[in-house]
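J.: Features from TrEMBL:
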| type | residues | note |
| --- | --- | --- |
| REGION | 1-49 | region 'Disordered' |
| COMPBIAS | 27-36 | compositional bias 'Polar residues' |
| COMPBIAS | 37-49 | compositional bias 'Basic and acidic residues' |
| REPEAT | 157-199 | repeat 'WD' |
| REPEAT | 200-231 | repeat 'WD' |
| REGION | 245-273 | region 'Disordered' |
| COMPBIAS | 251-269 | compositional bias 'Acidic residues' |
| REPEAT | 283-324 | repeat 'WD' |
| REPEAT | 325-366 | repeat 'WD' |
| REPEAT | 369-409 | repeat 'WD' |
Amino acid sequence: SSRLGMPVESGSSAASRQAKQKRKSHSLSIRRTNSTEQERTGLQREMLEGQDSKLPLSLRSNLLDLFGQIEREFENLYIENIELRREIETLNDRLTAEGQTIDGGDLTKGALKTKASHSTSQLSQKLKTTYKASTSKIVSSFKATTSRAVCQLVKEYVGHRDGIWDLSVTRTQPVVLGTASADHSAMLWSIETGKCLLKYVGHAGSVNSIKFHPTEQMALTASGDQTAHIWRYMVQLPTPQPVADISQTPCDDDIDFSDKDEADGDGEGPNECPSIRMASTTLRSHQGVVIAADWLVGGKQVVTASWDRAANLYDVETSELVHSLTGHDQELTHCCTHPTQRLVVTSSRDTTFRLWDFRDPSIHSVNVFQGHTDTVTSAVFTVGDNVVSGSDDRTVKVWDLKNMRSPIATIRTDSAVNRISVSVSQRIIALPHDNRQVRLFDMSGVRLARLPHSNRQVTCTNTQRQQIHTFPV
């Protein structure tokens, strides 16, 4: 190079030039990739134009553009991962070399080298974390969406004249399904036949919730008429018709629909359903719509939640108000009681839910949880020590009662979540959405299934007795 009159490069400048060339080569390779992809997209578009399809050409073109964007995003992530992997390998080589130097070097320099090695190790760990996060992003984007459970429609319950806001299943024999409707009535149904067994018409407003006594044949309903009613029922289950065909594929181990039958029960119209209109107990004191009510463990007290921003605790035998639970800044949306402990959780439009503790008769405590950014539509207890909350912010969060500082699992969805339900036996969360879908998740946030579309917004679900009962508005 001296004979040609060119300056001789030092070792460091030569390395710098090679690094620049490498970066330039890398950027050129990305541009070449994009260019090649444009050519490939053009070829694919020409091929599609020649194919026989019932889709309009404009729609096919839009789909092709979207797929092209997905491919480019995937390609960029793939290139980024390759570069991260190279940097990790370089750092690991450097760590290995430094470890050998420290072993053979003097002790005075060892401390400095150890410190440098520690900082390098931190950087290496950070790169590894970034790489794993980016890789998991790719994997989750292209992961197969096959569900662990395949669900099908088993039975319809036809009889209400307006939207259904809530449903519940009795905890004792006879096992029946109860529904609360905007048509001012609550109905009891035979789960197996779909026949209406009893109709309660004692409310003067929409019936917003229904819950059954833990041991007796009594129901608790909350209404837009600003009251909650307790009423007794006596029903006799019809004899199920023989099962004609059980060869259809049921859900697998997660949800079992194998106890279904095909008796229609549609011949029994709503007019043939016996009705009662007198409540054994009427709970008054709210100044607004009573949106939900539930029995405390033992069934001697009930709690109600209202749009007047308060929840009330009543004694069932005397109908007297025991406590008024105030503190929410906006209307309450739901309340739920723990199945084995004297705990109550209330949710509200103020984006919070509150945990009320009545285990000590002399004092009750309250904890406020602010894990959501929009209306908390419901919060429910599980059999264990968990609370599951759903919100209009399109998330569902699972909390541990022993440590409620942060959720142990967060489920992010594409639509607002209505009243959720948790399976007692199998710890399955059923999420009814505004977008007419019902999704099933386990307690760790892994999706198990998506039920077929309803033709209306789904307001509530129930996961008792290994069946999923869903009701649209």
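One-based numbering along the chain as shown.
In case you wondered, yes, glycine gets a Cβ from its N, Cα and C as well.
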J.: Should anything in the same chain at least six residues away from the repeat 'WD' (325-366) have a Cβ under 8 Å from its Cβ atoms, list it; otherwise answer none.
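T.: Distant contacts of the repeat 'WD' (325-366): 288, 291-297, 303-313, 372-381, 383, 387, 389, 391, 393, 401, 404, 419, 424.
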J.: For the repeat 'WD' (283-324), what are the same-chain contacts with Cβ under 8 Å, counting residues 6+ beyond its ends?
T.: 166, 205, 208-209, 211-216, 218, 220-224, 226-230, 330-342, 344, 346, 348, 356, 358, 364
J.: Using DSSP, what's the helix, strand and coil tally for the repeat 'WD' (369-409)?
T.: 0 helix, 21 strand, 20 coil
J.: Per DSSP, how many helix, strand and coil residues does the repeat 'WD' (157-199) have?
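T.: Final tally across the stretch: 0 helix, 19 strand, 24 coil.
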